[in-house]
Amino acid sequence: MMNKWRNNRAWFLVLPVFVIVAFSAIIPLMTVVNYSVQDIFGPGQRFFVGIEWFKEVLLDQRLHDALFKQLAFSGLVLLIEMPLGIIIALMMPKKGWTSSACLVILALPLLIPWNVIGTIWIIFTRPDIGLFGAFINSTGIAFDHTASGVDAWITLMLMEVWHWTPLVALLAYAGLRAIPEAYYQAAKIDGASAWAIFRFIQLPKMRGVLTIALLLRFMDSFLIYAEPFVLTGGGPGNATTFLSIYLVKIAVGQFDLGPAAAFSLIYFLIILLFCWLFYQALQAVGTGDKS
Amino acid sequence: MKIKKRHFALICYLILLFLPIYWMLNMSLRTNADIMSTFALFPSHPTLENYMKIFSDSSWYSGYINSIIYVTMNTVISLLTALPAAYAFSRFEFIGDKHIFFWLLTNRMAPPAVFLLPFFQLYSTFNLIDTHIAVALSHCLFNVPLAVWILEGFMSGVPREIDETAFIDGYSFPRFFIRVFIPLIRAGIGVTAFFCFMFSWVELLLARTLTTTVAKPIAATMTRTVSATGLDWGLLAAAGILTIVPGALVIWFVRNHLAKGFALGRV
């Protein structure tokens with residue numbers, strides 16, 4: 001970035017955003033902080049308990065389980081989605097009606113409400129009436145995501161990859177389209193291989209959009225709720241009880257507001273920490289590649 | 001030969017992508033009895049019965065209208081507030097700019113489950129429960145930061161000489177912004193609007209919590225039906241297909257903008 005104009009009056013331009021986001025963010029956040037340090041029995045009956053809930057939550061074995069599963073899930077999903085999305089973006093036609101058609105088809109899964117995604121996959125993977133379920137079972141492999149934890153994981157991963165890879169692909173495609181033709185011509189003169197073009201021209205140029213893609217995908221996969229809730233309900237057993245499903249069990253199922261609030265604050269901080277690390281790492285990578 | 005192989009892989013991927021949606025379309029055209037009794041790749045006796053049911057029952061079709069109303073409101077609010085802010089972030093240096101920029105993004109990171117109750121209390125205080133504006137405002141929480149983030153990228157791609165020239169020519173700031181600057185990043189605004197539309201359309205937890213009957217979104221209507229009437233797979237599939245239609249229409253109309261907008265994106 002070149003030197004920008006120094007002007008603190010620019011704050012007036014940011015003010016509307018600040019007000020509207022603060023209205024929806026800060027007041028509820030303060031309320032949650034307030035819950036997290038109290039024991040609430042009912043309206044008017046509450047006691048200050050300090051950091052008691054935080055201690056309880058941090059020592060909760062089931063929460064550790066859920067966190068571990070969540071990390072594994074998000075990690076695996078990112079490892080599949082990011083490269084796959086980039087490959088698809090590289091394969092897409094550059095112009096003409098075929099590129100519009102690709103964009104439209106790619107965007108379709110993104111436009112389906114999240115609980116409907118779960119519904120689609122229930123239908124799709126049923127062994128008796130679903131295309132996928134029937135296909136797998138006809139090959140002789142017994143596949144049932146309601147009975148086997150491994151199958152439930154595979155189904156969820158497939159669903160997540162199906163649902164969100166297009167977002168990475170769309171963003172990566174945007175990054176690729178912004179590279180001037182002259183860069184490719186220069187590379188051609190130098191006799192650069194396809195890999196060299198990818199490594200030294202395309203990848204560095206996609207850094208900005210890939211940062212957005214990675215952060216969005218990490219946050220949303222870490223917060224995933226509606227799809228596994230509809231598809232497996234956290235089961236079989238606790239196989240797919242991710243953090244948010246466990247959290248809802250405490251908050252809504254048992255109505256333990258204090259621990260649930262403490263839980264969600266810790267949850268929030270974990271995501272914040274990871275996003276900040278990703279953000280810093282990607283910024284650093286970018287400045288190193290700029291040469 | 002190499003190009004053909006590449007296209008073949010892409011076409012395979014797109015077909016795989018479309019299969020689950022096709023399967024839902026297939027089921028939506030069959031009766032529930034038919035679905036449960038036979039396995040068929042193509043509907044043998046296609047029927048529009050499920051769709052008729054949805055279009056004739058106001059508790060069904062009003063869900064679609066409600067969703068479209070609050071999604072549109074949210075997209076407009078997000079764009080109107082995000083445009084000046086994104087301009088400030090792309091052009092000026094001011095106290096706390098970097099912190100605010102990152103803080104905005106952190107608002108997408110709050111687990112909604114527990115924040116639902118405070119949200120409900122907050123909007124009750126303002127007497128906004130079960131209104132479209134409540135859902136639209138609550139979705140600003142994650143859409144406004146995203147809009148600022150994306151628009152800032154597009155705006156930084158516009159050289160600053162354009163602003164300077166316009167100011168020397170005697171344009172006032174609002175006139176410059178509306179007459180000169182916005183047309184320049186029109187495609188970027190299209191892309192941003194698409195993302196706002198998308199994320200607001202697919203969100204369910206907040207929308208369901210803040211509404212009861214008058215502004216109930218379609219996705220919530222669907223979950224209720226699942227539990228209330230057992231599982232009418234055909235009806236459910238038809239409702240699901242109809243949730244894709246508005247988004248598909250939006251993307252069809254902005255497809256050229258989208259391709260162009262993506263091409264302008266700064267990286």
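Cβ from N, Cα, C; glycine included.
TrEMBL labels come from automatic prediction, so no person has curated them.
The structure displayed is predicted, hence computed values, not measured ones.
The domain 'ABC transmembrane type-1' annotation in TrEMBL covers B:64-254. Taken from TrEMBL, the feature transmembrane segment covers B:7-25, B:68-89, B:101-120, B:132-155, B:176-202, B:233-254.
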Sequence-remote partners of the transmembrane segment (B:233-254) [C-beta within less than 8 Å, at least six residues beyond its ends]: 21, 24-28, 30-32, 34-36, 49-51, 53-54, 60, 64, 67-68, 190, 193-194, 197-198, 201, 218-219, 221-222, 225-226
Stretch of maximal Cβ-Cβ contact with the transmembrane segment (B:176-202) [cut-off: under 8 Å; candidates B:7-25, B:68-89, B:101-120]: B:68-89
Residues from the same chain, set at least six apart from the ends of the transmembrane segment (B:101-120), whose C-beta lies under 8 A from its own: 89, 129, 138, 141-142, 144-146, 148-149, 152, 205-206, 209-210
Cβ contacts the transmembrane segment (B:68-89)/the transmembrane segment (B:132-155), at least three under 8 Å, sequence gap 6 or more: yes
